Amino acid sequence: MAGLKYLTGFGNEFASEDPRCPGSLPEGQNSPQVCPYGLYAEQLSGSAFTCPRATNKRSWLYRILPSVRHKPFTPINCGNLSENWNEVEPDPNQLRWMPFTVTKASEKKVDFVSGLHTICGAGDSKSRSGIAVHIYTCNTSMINRSYKCNLYVSVPQKGEILITTEFGKMMVEPNEICVIQQGMRFSVDVFGETRGYILEVYGAHFELPDLGPIGANGLANPRDFQIPVAWFEERTVASGYTIINKYQGKLFSCQQDFSPFNVVAWHGNYTPYKYNLENFMVINCVAFDHADPSIFTVLTAKSTRPGVAIADFVIFPPRWGVADRTFRPPYYHRNCMSEFMGLIKGHYEAKEEGFQPGGASLHSIMTPHGPDFDCFEKNSTAELKPERVAEGTMAFMFESSFSMAVTKWGLETCQRLDKSYYKCWEPLKSHFNPNWRPSSPIV
């Protein structure tokens with residue numbers, strides 16, 4: 001959207017006011033007896049008051065009316081959103097989904113909230129410990145509706161989305177991501193058939209991963225994150241504005257007669273933000289062997305165990321492959337973490353056929369996975385010269401220490417499960433040669 005402006009940085013103390021109301025941010029204090037322009041002061045806390053300063057998250061919003069002015073919440077149908085991880089029997093198999101279907105607007109109008117489908121997850125939002133993975137497929141904008149939920153990472157795959165938040169507007173395109181923090185109200189406008197992925201985290205904040213010996217720079221650099229600038233609308237909705245609230249795994253709605261996007265100014269460090277994946281500074285092996293995928297971590301939501309994440313957001317971006325004496329694609333693997341993968345565009349290097357943009361895969365804890373037959377045979381004999389890897393491609397992974405269960409929608413209702421997935425490994429054959437010597441070729 002032409003003309004949208006952003007602040008830059010990650011976790012900074014930001015301040016913004018709509019230029020239509022200069023001086024709307026109070027000077028020298030947070031909650032004056034009378035706010036400029038007759039606004040209400042409202043604090044949005046993303047952490048406990050007594051969290052250490054380095055991890056304390058909060059913002060002050062100066063709004064035309066406070067968010068408390070609404071009718072009572074009542075339950076509404078959850079559609080295909082779920083937090084029931086026991087509705088079907090566990091499935092330890094390798095799972096892959098074909099691209100998820102987007103309903104045509106001529107058949108049925110579906111907005112962002114109506115088009116949310118939970119595919120897998122674990123844990124419990126009541127105890128604020130867990131995650132959920134959703135697919136969104138929609139074809140129409142949210143009209144006089146906003147949504148509030150847990151921490152969301154949105155990964156658009158098809159179609160750009162215009163996200164209006166209490167902090168301002170963000171245009172998010174495929175190959176970008178956006179993060180909406182817990183408790184923030186937002187609305188989504190679309191411009192045609194739209195599809196994407198969402199990682200929901202119940203009780204943690206995303207951080208940039210520690211760089212350790214990499215040094216001060218690299219991976220996702222803080223300066224490349226973009227935060228919306230203040231924008232407000234003073235709009236009365238006689239027919240009622242609907243606020244949708246995801247609470248303890250269920251959906252509730254209430255009515256109010258004004259837009260919730262009435263924040264004239266704000267300051268703080270608890271904000272929504274977006275990031276362009278093309279800005280990721282890739283670290284890779286330049287001598288031999290295949291480095292672990294943790295070198296591609298964009299964001300991490302840490303658990304209380306050092307080095308173990310509730311969730312990591314990892315990408316597999318275009319890069320150079322130069323490793324010598326090495327099988328360069330991802331290795332065969334069994335992992336103590338769950339790996340949910342999606343493909344934004346292009347062809348994933350370990351499975352160039354079958355894994356398609358708009359589809360997904362899930363390799364659960366200790367479920368074997370790795371390159372398919374064609375990939376192994378090709379790369380076991382390939383000439384090892386410098387080459388571009390994943391050119392025109394962007395795959396990503398939601399990796400979690402939780403053992404994720406698949407929903408009934410994911411296993412049955414969506415009818416996109418590729419039941420032949422296991423066959424991509426069936427042609428793998430034994431190359432074992434008991435008479436092998438260092439000069440013997442692999443046959």
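The backbone N, Cα and C atoms fix where each Cβ goes, glycine too.
Where the annotation comes from TrEMBL, it is an automatic prediction and has not been curated.
As annotated by TrEMBL, domain 'Homogentisate 1,2-dioxygenase N-terminal' applies to 5-277.
Per TrEMBL, the feature domain 'Homogentisate 1,2-dioxygenase C-terminal' maps to 279-432.
The feature active site, proton acceptor is assigned by TrEMBL to His290. The Cβ of His290 (active site, proton acceptor) lies under 8 Å from the Cβ of Ala323, Thr326, Phe327, Arg328, Pro329, Pro330, Tyr331, each of these being in the same chain and 6 or more residues away along the sequence.
Residues annotated as Fe cation binding site in TrEMBL: His333, Glu339, His369. Around the Cβ of His333 (Fe cation binding site), a 10 Å sphere holds 15 further Cβ atoms from the protein chains shown.
Within the same chain, residues at least 6 positions away in sequence whose Cβ sits under 8 Å from that of His369 (Fe cation binding site) are Gln94, Tyr332, His333, Arg334, Glu339, His363. Taken from TrEMBL, the feature homogentisate binding site applies to Tyr348, His369.
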